[in-house]
Amino acid sequence: MSSQSLYKVSGNIAANALVNNDKYKTMYQESIVNPEGFWREHGKRIDWIKPYTKIKKTSFDDHNLSINWFYDGTLNASANCLDRHLAEHSDRVAIIWEGDNASEQRKITYGELHADVCKFANALRSQGVRRGDIVTIYMPMVPEAAVAMLACARIGAVHSVVFGGFSPDSIASRVIDGKSKVIITSDEGMRGGRAIPLKRNIDDALKNPDVTTVEKVIVLKRTGGKVDWVEGRDVWWHSLMETASEYCQPEEMDAEAPLFLLYTSGSTGNPKGVLHTTGGYMVYASMTHEYVFDYKAGEVYWCTADVGWITGHSYMVYGPLANGATVLIHEGVPNHPSPARLGEMIDRHKVSILYTAPTLIRALMAEGKQHFDKFDGSSLRIMGSVGEPINPEAWRWYHEVIGHEHCPIVDTWWQTETGGILITPLPGATDTKPGSATRPFFGVQPALVDNMGNILEGENEGNLVLLDSWPGQMRTVYGDHERFVLTYFKTFRGMYFTGDGARRDEDGYYWITGRVDDVINVSGHRLGTAEVESALVSHELVAEAAVVGYPHDIKGQGIYAYVTLTRGTEETEELRQELRQWVRKEIGALATPDLIQWATGLPKTRSGKIMRRFLRKIAANEVTNLGDASTLADPAVIETLIESRLNRTE
């Protein structure tokens, strides 16, 4: 298949990279054969208050689960992101911020960021926040979001960031689960030219009678929009900062002390509070950021993720700032007010490294490459992809149109639960194949198993598991350790089950085939939905596709495809048949979609993730009880899809 084409590491990149192929092999081998020795050395990349002597105490036995790293050391995450850079790099720019409107821009040095974080840490203390308390952060993409996170870390409070697109109900469920005393928010946020009513959403969330722990709501004045005010509870950010001291001694925290909670959707629909601790997470976030992106001092690094997702935590805040990087933060969306915005920002800020998501790349593809006619892009050196498997066609478009065919692409696979990147190319070490996450990072031991838990060797396909721990791994589900054990360690004994399927090719490269629940069983044969979607999107008239299974009288499951066509393309029965034949040719007769529904839009969260549970229910004609659609960017998409569904029984 065309997706097997190999993009070789250029000699120039290999010669100047942190790691070439030989060094990768040596380091990886050491990390697996002697993990204690490997991490003993690489744990020193961050600053410790009390140096560790004990490295690793881990077991994936579901009756005796243990995940501990650097566990007799102490440190502070905020000090690692700020204080340790001040002696030599106080004047280096830490954050470049560009607002939704490009006319709004700020630059904040490490010295200034340190002062802001210390002041806000003292402000939090003045509002009763103490070590171990959980603080909910519901903020727009502004520097103050990072300030709030780092201030919590500085005083030993645990932050729980909630994505700014979530509904009041979603906020309430997270506040209730975490028993937050303090919420940090903003009057409004700006996104795509629209004001987002953040404070109003918090007010509505706090009307829930089960929210009983919140004492204070700290409000940043972002737009000056009108907000309701509750005297005694609500307090302005700027008022607190006016009187706060610029000195705040960082708390000495155990390596295994909680750093943050981040809620992710669970299969039951109840959010899971993923808990990450301090020492191992900081080592892993900073190391993966440096090695995966081949980061060099002074470069401008842009991660387009929202701070409300794990990518924003690990690769916009903690990893880059621990490494003394200059981070670009953008308040809006990179295709507003036009698809040219992404390229304009890369050129304007001389971005060296871009880390973005396939959903944005596909959206830009659909608009057409003419929007990049004026794009220079000469500053770009490395490009990354995150969030879902990137289909080969989008990979190539990204490589050609954004990367001008000279930037290596690191297609990274990881999860909220893993804390950092697990499977990825390294720019100077790994020949890449469009659509493949390639090889494991240091210390990561992936394996494929069948449904009975038997390890599959060589070229194969199965359930993706991890055989041993790594420092960035989550430690528990907050308040529900049993759920943690059940979700990740019961399915395959002695292994961490990722929930993803994957195949390993003849070169040992890993290809993520999608969530195991996104596998369709057609006449007894397993088909990854990502594979069928990739085939559809490789057709020049298809902008985006989502594929699910639906009940089929003969085959058990049939293949139902939702297809968004490129702008201006006519939806015809002839094209529908052409696409069916196209997939048949690309993958085989087994993968031919039974039903193709035209879709002007797909149900996505505001981070761009397609909510397939809605698509599965619509395809199965189960349209009366779809569940909560409040997290969708555009809930109206659901009604449109229901009205034009193809599998009606009435």
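Note that Cβ sites are derived from N, Cα and C of the backbone, with glycine treated the same way.
Features reported for this protein in Swiss-Prot:
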BINDING   Arg191, Gly192, Gly193, Arg194, Thr311, Asn335, Ser523, Arg584  CoA binding site
BINDING   Gly387, Glu388, Pro389, Asp411, Thr412, Trp413, Trp414, Gln415, Thr416, Asp500, Arg515, Arg526  ATP binding site
BINDING   Val537, His539, Val542  Mg(2+) binding site
MOD_RES   Lys609  N6-acetyllysine
Of the recorded positions Gly192, Gly193, Asn335, His539, Lys609, within 10 Å of Arg515 (ATP binding site) (CA to CA), in sequence order, we find none
Measuring Cα to Cα, how many Å separate Arg191 (CoA binding site) from the residue listed as 'N6-acetyllysine'?
17
Here the Cα-Cα span from Gly193 (CoA binding site) to Thr412 (ATP binding site), rounded to a whole number of angstrom, reaches 31
Within 8 Å of the Cβ centroid of the Mg(2+) site residues Val537, His539, Val542, which other residues of the same chain have their Cβ?
Glu393, Ala535, Leu536, Ser538, Glu540, Leu541, Ala543, Ala545, Val563, Leu579, Trp582
Determine the Cβ neighbour count for Gly193 (CoA binding site): the number of other Cβ atoms within 10 Å of its Cβ.
11
Sequence-ordered list of residues in the chain of Gly192 (CoA binding site) that lie 6 or more positions away and have a Cβ within less than 8 Å of its Cβ, or none, is Asp100, Gly332, Val333, His336
Assigned element (helix, strand, coil) containing Gly193 (CoA binding site), judged by DSSP
coil
Spacing of the two Cα atoms, Val542 (Mg(2+) binding site) and Arg194 (CoA binding site), in whole angstrom, works out to 29
Where Lys609 (N6-acetyllysine) falls in three-state DSSP terms
coil
List only the single closest residue to His539 (Mg(2+) binding site), chosen from the recorded positions Thr412, Trp414, Thr416, Lys609 by CA-CA distance.
Lys609
Tell me, in order along the sequence, which binding-site residues from Arg194, Asn335, Val537 have their CA within 10 Å of Gly387 (ATP binding site).
none
Indicate whether Gly387 (ATP binding site) is helix, strand or coil by DSSP.
coil
DSSP state at His539 (Mg(2+) binding site), helix/strand/coil:
coil
Of the recorded positions Arg194, Thr311, Asn335, Val537, Lys609, which sits closest to Trp414 (ATP binding site) by Cα distance?
Thr311
Between the C-alpha atoms of Asn335 (CoA binding site) and Thr412 (ATP binding site), the distance in angstrom, to the nearest integer, is 22
Distance, Arg584 (CoA binding site) to Thr412 (ATP binding site) (CA atoms, angstrom)
29
